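Asker: Dumping the structure here so I can ask a few things about it.
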Amino acid sequence: MNALSDPAFRSLLTLLLSVLLLASGTLSLLARRPILQKNPALVKDLRLRTRSWWVMIGLFLLASLLGKGGSLLLFALISFQALRELVTLMATHRHEHRTLAWSFFIILPLHYLFIGLDRYGIWTIFLPVYGFLFLPVRNLLTGSSEDFLLRTARNHWALGICVYALSHAPALLCLGEGATGIKLLFFLVIICQGSDVFQYLWGKSCGKHPVAPAISPKKTREGTLGGLLTAGLLGIALAWATPFLWWQAGLMALVIAVCGFFGDLTLSAIKRDHRAKDFGTLIPGHGGILDRVDSLAFAAPVFFHLSKFFWFS
């Protein structure tokens, strides 16, 4: 079934594009106000973020219209780039290169292939069980024990976050019938990314007390609380596009936002540990791909399994 043939999906898509148009128009008007003209750096940052949103939404829309295969291909490419960014930041050992080649060109494609074939019993254990056991064996074949545990742990962590956890987002397409899966995927992405925006706006407007100053100085308690509650309200407002009741949609949105917050904070700790501001420069105004999907990687598995076990079991 083509997603556009579903009235609820068309309404959801229209709403999303309308919000982006409104945001772009509002930014153009506000940029002319004297108070913002005195802060060109902020205006430039907001414009870059808005343009990047248009590009990301455009790519996501194109993939969703191409169906399950298109969405899986898009997320496989996102996982590939995110894995590349994280591996680059961690400055891998020369003995890891062949193991990493297996991660990029064998394990990652096979994992997404199993999702595409809707083999739930296989893809949920392929990477965390067989991949987990294979990687240290492959590292052994290098004949070096130097930093063995560190090398293996890095490989496990990178694949776990960038491939396994993130792939639960397109796996939502396997749930339900018709356009149910794509609507769940849109709900997840809108809530997850919307929560990031809400926390940013609340933090800018009334943030005073940092949540974790040593990890992410710009994240504040006020911004976080305001963003989480607003995300919950957004979930209630979007309940009509999901199989959830209004209060269930609100709770699911809150769970997504909380998981996303900790995902963002966890990946920020990794960047801080490696003295890096961003994971990359691919997306203007956002950094790298992993900077944009860090919250999604933590939220997607929880949302997927809650949905599957309580609504599609």
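Each Cβ is built from the backbone N, Cα and C atoms, and glycine gets one as well.
Heads up, TrEMBL stuff is auto-annotated, nobody curated it.
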Asker: Among 14-32, 147-165, 223-241, find the range that TrEMBL records as transmembrane segment.
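Answerer: Comparing 14-32, 147-165, 223-241 with TrEMBL, transmembrane segment matches 223-241.
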Asker: Can you name the far-off residues of the same chain, 6+ from the ends of the transmembrane segment (52-78), with a Cβ under 8 Å from a Cβ of it?
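Answerer: Here the qualifying positions are 2-4, 13, 16-17, 20, 23-24, 108-109, 112, 115-116, 166-167, 169-170, 173-174, 181-182, 185-186, 189, 283-286, 289, 292-293.
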Asker: Out of 99-114, 120-137, 247-267, what stretch is closest in contact terms to the transmembrane segment (223-241), meaning most Cβ pairs under 8 angstroms?
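Answerer: Looking at each of 99-114, 120-137, 247-267 in turn, the most contacts to the transmembrane segment (223-241) are made by 247-267.
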